[in-house]
Amino acid sequence: MAELSFIVGLVGNIISILVFTSPIATFRRVVKKKSTENFKGIPYITTLLSTSLWTFYGLLKPGGLLVVTVNGVGSVLQAIYVILFLIYAPKDTRVKLAKIVAILNIGCFGGVILVTLLVIHGSVRLVVIGVMCAVLTVGMYASPMAAMRRIVKTKSVEYMPFSLSFFLFLNGGVWSAYSLLVKDFFIGVPNAIGFVLGSAQLLLYMVYRSSKSVDTMKDEKVEEEGSAHLIGHVEMHKYDDGDDDDDKVKSERQLSKGSSLPKGGSVSRQHSLQKIVKARSFTPSELRSIRVDTDG
């Protein structure tokens, strides 16, 4: 049984470390864009406090080596995430989160250690720390609830990484099994709750993974309307230009037609002029003969 619990605990260590490393992709994006965007910092702060207390719990518990190793690694990683979040968060958010870090991760954690070591003694010490760890672990698993609400509202899984949800689901299941083997209900209860919440997150991801967010659909609609307006504007100018060209062609044709044909007034004037010239060139005898011929 001890060997089986060690193997399960070792698997739990591997999965938990994968859970702790899953936000690396998120923080690469944060560092690249130099902005935390719509990501929340509270989950990392609460997880840092949780892993710190679990490390302390493992040190107090006999045979708690596997608890110490996994949560020690988790504490280091979560501290890095919190520092990065504070660096790239907006100023107002940074100030608020810095206060929360000072209260929870420094003041609260330091106070728990001092009170536990100086005031509480014996097995009660382990019970007190165990209850606190269990409550914080439930909070860690429940912290993505804000992201789940956002998913339902925006119909987008952009701000809930699949890898984190998947490994939280596995982590809760494995540590629940480990708790049954070592009969540690402080580990078992919160991880069983985490298993259920992880299942709910995966279900939401499957439902909304192919859906576009409300903001994205609004942007696409605006782009489509703008494109349609632009196309209509271009087409209108196109038709206007075509009408202008037709008018120009008609005018040119009329001008060319008019210039190629002699005008009636000019023809009559030419005939009159010819008659006058011809009449003036006749002699009086010729004119009389013309009249006689005409009368005859």
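Easy rule for this one: first residue shown is 1, then count along the chain.
Positions of Cβ are set from backbone N, Cα and C atoms, glycine also.
For 6-27 (among others), the entry in TrEMBL reads transmembrane segment.
Annotation source TrEMBL lists transmembrane segment at 39-59 (among others).
According to TrEMBL, the feature transmembrane segment maps to 65-88 (among others). Beyond the ends of the transmembrane segment (65-88), by six or more residues, the same chain brings 6, 9-10, 12-13, 16-17, 20-21, 23, 27, 30-31, 34-36, 39, 41, 44-45, 47-48, 51-52, 54-55, 57-59, 94, 97-98, 101, 105, 187 to within a C-beta distance below 8 angstroms of the stretch.
The transmembrane segment annotation in TrEMBL covers 100-120 (among others). Proximity of distant same-chain residues to the transmembrane segment (100-120), defined by a Cβ-Cβ separation under 8 Å and at least 6 residues beyond the stretch ends, is recorded for 42, 45-46, 48-49, 52-53, 56, 60, 82, 86, 128-129, 132.
Annotation comment: TrEMBL describes 126-147 (among others) as transmembrane segment.
Residues or ranges marked as transmembrane segment in TrEMBL: 159-181 (among others).
Per TrEMBL, transmembrane segment is recorded for 187-208 (among others).
Under the heading region 'Disordered', TrEMBL lists 237-272.
What TrEMBL lists as compositional bias 'Low complexity' is 256-268.
Panel annotation: around the transmembrane segment (187-208), residues 67, 133-135, 137-138, 140-142, 144-145, 148, 151-152, 155-157, 160, 162, 165-166, 168-173, 175-176, 178-180 of the same chain, lying at least six beyond its termini, place a Cβ under 8 Å from a Cβ of the stretch.
Beyond its flanks by at least six residues, the transmembrane segment (6-27) meets 39, 44, 51, 66, 69-70, 73-74, 77-78, 81, 84-85, 161, 163-164, 167-168, 170-171, 174-175, 177-178, 181-182 of its own chain at Cβ-Cβ distances under 8 Å.
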